[in-house]
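Per Swiss-Prot, the features are as follows:
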- 1-21: transmembrane segment (TRANSMEM)
- 40-60: transmembrane segment (TRANSMEM)
- 85-105: transmembrane segment (TRANSMEM)
- 112-132: transmembrane segment (TRANSMEM)
- 189-209: transmembrane segment (TRANSMEM)
- 219-239: transmembrane segment (TRANSMEM)
- 245-265: transmembrane segment (TRANSMEM)
Amino acid sequence: MSLFTLFLLALVQGITEFLPISSSGHLILLPNLLGIEDQGQAIDVAVHVGTLGAVILYFWRDVKAAIAGTPRLLTGRIDTPGAKLAFLLIIATIPVIIFGLFLEVTGIYDSLRSIAVIGWTMLIFGLVLYWADQRGGTEKQSDDWSLRDAVTMGLWQAVALIPGTSRSGITITAARFLGYDRESAARVAMLMSIPTIIATGVFAGAEVIATADAQTARDGAIAAALSFLAALAALTLMFRLLKSVSFTPYVIYRVILGVILLVIAYA
């Protein structure tokens, strides 16, 4: 894989992973629309490692609290904010693991990796995000995250396995419907991404490690570093903008891209 292709894929993954515009959809589209080679599983895992590092660093205080609370959780005690956060993150991740295994075992996932599917999901879930953002309340903050809300958002997150949906987009949508303000909705959605990315990496990482060579390791390291920097920049920018801007710019982008993709798919 050329350095230019590697740079492009890592940059796109880093920028789109946490913005509500679907990273998987963009990574599937790049090879199809630009005629570049598919990144392969090794690079896919590497860029996810990079984005994982970025979100952990950005939310290190929350991550540290969840780690510190895990021993208490293992003894059945959910009596600290950290233990509660760790518990709710686990609960919210269960649906996506179950649905992911179902799609993998049945082979359905491969049939969903098409321009038409991505076009429809970009368009439909972009409009749903707009609806949720306009009608959603602001009475809840991230500290109000409850078991019921974790289950609800976890079920919505599972739908994001359909390419083009956007994991962050659909969990933010769910949070806005549940009454979380914009910053809190994004914060909870980003925290939910951590165990989800880890789970995805565990499934794919073992095979990659077993078959990796020196070239793959070099490309993976470059991709991880680039996606880390891009993701960290995207997170910083998004949360700064959310202080004064709604999710409408992301919706407009999704609708325009969705329409273009549908025209390409059905032309």
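Glycine is treated like the rest: Cβ placed from N, Cα and C.
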Can you name the far-off residues of the same chain, 6+ from the ends of the transmembrane segment (219-239), with a Cβ under 8 Å from a Cβ of it? 1, 3, 6-7, 9-11, 13-19, 42-43, 45-51, 53-55, 57-58, 183, 186-187, 190, 212
Within the same chain, the residues 6 or more beyond the ends of the transmembrane segment (85-105) and with Cβ under 8 Å of it are 62, 65-67, 69-70, 73, 78, 112, 145-147, 150-151, 153-155, 157-161, 191-192, 194-196, 199-200, 203
Chain residues in Cβ proximity to the transmembrane segment (245-265) (below 8 Å; excluding those fewer than six residues from its ends, i.e. six or more beyond): 19-22, 29, 33, 114-116, 118-127, 129-130, 133, 164, 166, 169, 172, 182
Near the transmembrane segment (112-132), which same-chain residues lie under 8 Å Cβ to Cβ, leaving out any that are not at least 6 residues past its ends? 20-22, 25, 28-29, 32, 103, 162-166, 169-170, 172-174, 176-177, 247-248, 250-251, 253-255, 257-262, 264-266
